[in-house]
Structure formats: C-alpha cells, structure tokens
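Peer 1: Supplied in structure tokens, the structure appears directly below.
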Amino acid sequence: MELGLSWVFLVAILEGVQCEVQLVESGGGLVQPGGSLRLSCAASGFTFSSYWMSWVRQAPGKGLEWVANIKQDGSEKYYVDSVKGRFTISRDNAKNSLYLQMNSLRAEDTAVYYCAR
C-alpha cells in the first residue's frame, strides 16, 4: 500500500512540473494578401535554449501542419516548401523567445499559428 501511494505522489509531482511549461503566442492580426506579420512566442517553465523549437499552423477545417523549426543555437532552420523564401524563423535565447517573420502573405496562409517545443 505504501508503494502505491508513493507512485501516485510521484505522478502528481511530475504532472505539476509539466503544467508549468508555457508557450504564449502574440502578433497575429488581419492583413491583406502580400502583407507581412511577425509572430512572437514567449516561453517559460523550461530551459528554452536546450530545445529545437517549431511553428505549426492549423487552417480552418484542416489538421495541424508543421511550418518551420530551428535548432537550439539558431544554426539550422527548416521550412515547409510552401513558405520557403517568405517566412523566416528566428529565436532569442536570452529572451526565451521564438519568432516567425511572415512576408508576402497569401490567402492560404490563413490559420491559427502555434509555437511548439
């Protein structure tokens, strides 16, 4: 019985730690085709500089689509073909922040954008 209670307690602690991770996106808005937007993501609750980070998006009525990701030190970046040459992912480890500069926006870029660890 003691072992069972200890296990439940350990699970509760681990879940509590996981819940502290926060990724808060900002910078979205309405823009005409051809326009630009810069998205930001403020990270907390984990060592930001230790992780690859990504942007994903979900267009209305569709599933999640990976957009771009960036290595811990920013030295490697990858993009889905549809945004290459238009979107730029970047990060500032000193500010625990991730960015997505979106230029030459198209109607098909309409989506909810999320940052992901």
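Each Cβ is built from the backbone N, Cα and C atoms, and glycine gets one as well.
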Peer 1: Of the candidates C19, C41, which does Swiss-Prot name as forming a disulfide with C115?
Peer 2: C41
Peer 1: Could you give the residue numbers and ranges of same-chain residues that sit at least 6 residues beyond the region 'Framework-3' (78-115) on either side and whose C-beta is under 8 angstroms from one of its C-beta atoms?
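Peer 2: Residues 23, 25, 28, 31, 33-44, 48-49, 53-60, 62, 64-70, 72.
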